[in-house]
Amino acid sequence: MEAVAAAEVTERKPDNDGVEPRVVHWGELSQTPIPSGPQEKETAERTPDIPNSGSSQAESPAVSAMLHAIAASHLPVCSQQQGEPDLTEPEKVAILGQLYHKKPLVFLERFRTGLREEHLACFGHLRGDHRADFYCAEVARQGTARPRTLRTRLRNRRYAALRELIQGGEYFSDEQMRFRAPLLYEQYIGQYLTQEELNARTAAPQAPRSGSPGTPAYPLSDLLFQSYQERELQQKLLQQQEEEEACFEEEEDSDEEDQRSDKDSEAWVPDSEERLILREEFTSRMHQRFLDGKDGGFDYSTVDDNPDFDNLDIVARDEEDRYFDEEEPEDVSSAELGGD
C-alpha cells in the first residue's frame, strides 16, 4: 500500500516541460498531458505576435484590404503595457485577422469607426443580427458624411499646426517667410526697408561662439552658406517676377492702368503705421498660404495624418472661424433673395 501511494504522489508531480500527468486511479497507467488552463489561454491571446504574420496571405482580398486599412489607421489594435515596443503592421494585421475570424461581431463593434462602406461585404455572414445591422448602418452613414468630416478634420489639424508654428517663432520669421515667398515679401515689406534694415538683414547678428579669442564671429562656411542662400533667393525672386510680368502682358487692355499704378506705388512711401499694416497683411497671407497647403517645402503628411493635432481648444474656435468661413451668411441670404 505504501508503494502504491508513493506511485500516486509521483504521478501528480509536474515535470519541467510543463506537462502535468493526469491523476490516475487504481490500475490506470495513462500519463496523457492535460491542456493549458484558462489563464494561460487568456495570456496567450493577449500576446501580440501569437498569430503567424504569414497567415494573412490566406485571407480573401476584401478581408485583407480591410485588415490592412485598420492596421494603418490610428485605432489601437490591442492594449499594451507602458514601455512595450509598438506593433509592426504585419503584427497588427495578424491580431486583427484572429479577432475577425473568432469574434466578428466584437471586431465590428470595436473598429467600426475605421471601416468604410466597401468593407461591409466582409460582414455579410452577420446579416440578420440586430447588433451587426446597427453597426453596419452606422458605417454606411459615416461613408456618406466622410468627405465633409475628413475636410473638417484636415483643416482643424492644419490650424492646430499653424498655432504651434506661430508659437515656435522660427517658421514664420522674416527670414523663413522671405525665402518661401520672396516676391510677396518684396511687395509688402522688402521694398520699403530702410538702408539700416537692409544692412541688418545682410549681416544678421549671431550668438557668440565658444573658443579662443581669435575665433572669428562669422566663420567662412557660414558666410558662404548665407551668400549661397541669398543668390538662390534672388533667382527665385527673379523667376516669380518674370511669371508675374508674363501674366500682366496677357492683359493688354489694362497695361496703361498697370503702369500708372506702378508709378504711384514707386512714389508712395508708407509711414510706420502703414508699414505695420502691410506687415500684418503679409503675415496673414503667409498663414493662409500654409493652411491652403501651398508651402511646397513643408511635409503636410506630418500634420494631415497626425491625430495629435485633433485636440483644439474651444477658446480658439472664434479665431479659427476667421480662417475657415466656408459659407458667409450674407451670401446665403442674398442667394435666397435673388431666387425670389
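A Cβ is built for glycine as well, from the same backbone N, Cα and C atoms used for every other residue.
Record features (Swiss-Prot):
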- 229-258: coiled coil (COILED)
- 9-25: compositional bias 'Basic and acidic residues' (COMPBIAS)
- 39-48: compositional bias 'Basic and acidic residues' (COMPBIAS)
- 50-59: compositional bias 'Polar residues' (COMPBIAS)
- 241-259: compositional bias 'Acidic residues' (COMPBIAS)
- 260-272: compositional bias 'Basic and acidic residues' (COMPBIAS)
- Met1: N-acetylmethionine (MOD_RES)
- Thr47: phosphothreonine (MOD_RES)
- Thr215: phosphothreonine (MOD_RES)
- Ser272: phosphoserine (MOD_RES)
- Ser334: phosphoserine (MOD_RES)
- 1-62: region 'Disordered' (REGION)
- 200-220: region 'Disordered' (REGION)
- 239-272: region 'Disordered' (REGION)
- 289-310: region 'Disordered' (REGION)
- 321-340: region 'Disordered' (REGION)
Check: Given the model, what does the mean pLDDT over the coiled coil (229-258) come out as?
Finding: 65
Checklist line | Under 8 Å by Cβ from Ser272 (phosphoserine), counting only residues of that chain that are 6 or more apart | finding: none
Margin query: Is it possible to list how many residues within the region 'Disordered' (289-310) are helical, extended or coil according to DSSP?
Written below: 11 helix, 0 strand, 11 coil
